[in-house]
Amino acid sequence: MKTETPSVKIVAIAADEAGQRIDNFLRTQLKGVPKSMIYRILRKGEVRVNKKRIKPEYKLESGDEVRIPPVRVAEREEEAVSPHLQKVAALADVILYEDDHILVLNKPSGTAVHGGSGLSFGVIEGLRALRPEARFLELVHRLDRDTSGVLLVAKKRSALRSLHEQLREKGMQKDYLALVRGQWQSHVKTVQAPLLKNILQSGERIVRVSQEGKPSETRFKVEERYAFATLVRCSPVTGRTHQIRVHTQYAGHPIAFDDRYGDREFDQQLTEAGTGLKRLFLHAAALKFTHPGTGDVMRIEAPMDKQLKRCLEVLRSKA
């Protein structure tokens, strides 16, 4: 069965949308439409800018008028998000802050930030389903699927540019909380170890410390000690894939329930202690940045979920 958009749509390009390629713009306008179809309608000249045919690499300018034709899409593509409607609804409950420029949410553990790698649903797809009227919603940064906590989304292209610049210039501070094995030594305040990313034959990404890798630095502070574990605050100076997880492992203190870099005996200890923990104990607790619209310095905190809180309560009772 096919569905069809009702009519031709004319979109006027705002100043903060200028500079992006027409193919990327169409992907935000025609949600759920395959890239192959977008390139097909461009190639056929069905998409016009200022009544003229354009190439996929054309960069939009402020004031351009884009003609978007009705697009037929297989119903299954239109409804790709439908099995995840409960997750979409749940996203509305974890929004921490929102204005005209940004949206900040407390990402649940187990939800990917975007679809891909066999996943049809991610936070960004969920937000677009939740806010179908939004013209622009893009991730500013990423969190691993099993990591929970503060996730920043831009609602304007100008906001995305500003926040990406802050990331590049190290003007954004991220604080994570991690439960690690054993007693973290207080004098270990920084781990500097270059990280190299490898792709296994299975397609799985694995990161290891290697002199051939990229320079990487994480700062650590002990928050609380327990009988056989430590809660540490981790502040990455660089932003490498799996950085905190690999740096804690390298320091001899892997994170609880880390299926890639963890320690099964430590996980078993936590299970036997009755903590009820079944997920990676890595939580993006706070994010400090300069607001792209007002210039104000903001610090947004995300509370831990019930599972993490209960785990710490049990460990405190046994300390």
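Cβ atoms here come from the backbone N, Cα and C positions, even for glycine.
Lifted from Swiss-Prot, the feature list:
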DOMAIN    20-83  domain 'S4 RNA-binding'
ACT_SITE  ASP144  active site
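Look at ASP144 (active site): DSSP puts it in coil. Shown in sequence order, HIS242, ARG245, LEU280, LEU282 are the residues of the chain, 6+ apart in sequence, with a C-beta less than 8 angstroms from the C-beta of the residue listed as 'active site'. Residue counts for the domain 'S4 RNA-binding' (20-83) under DSSP, split into helix (H, G, I), strand (E, B) and coil, are 23 helix, 13 strand, 28 coil. Predicted-model confidence for the domain 'S4 RNA-binding' (20-83) is 80, expressed as mean pLDDT.
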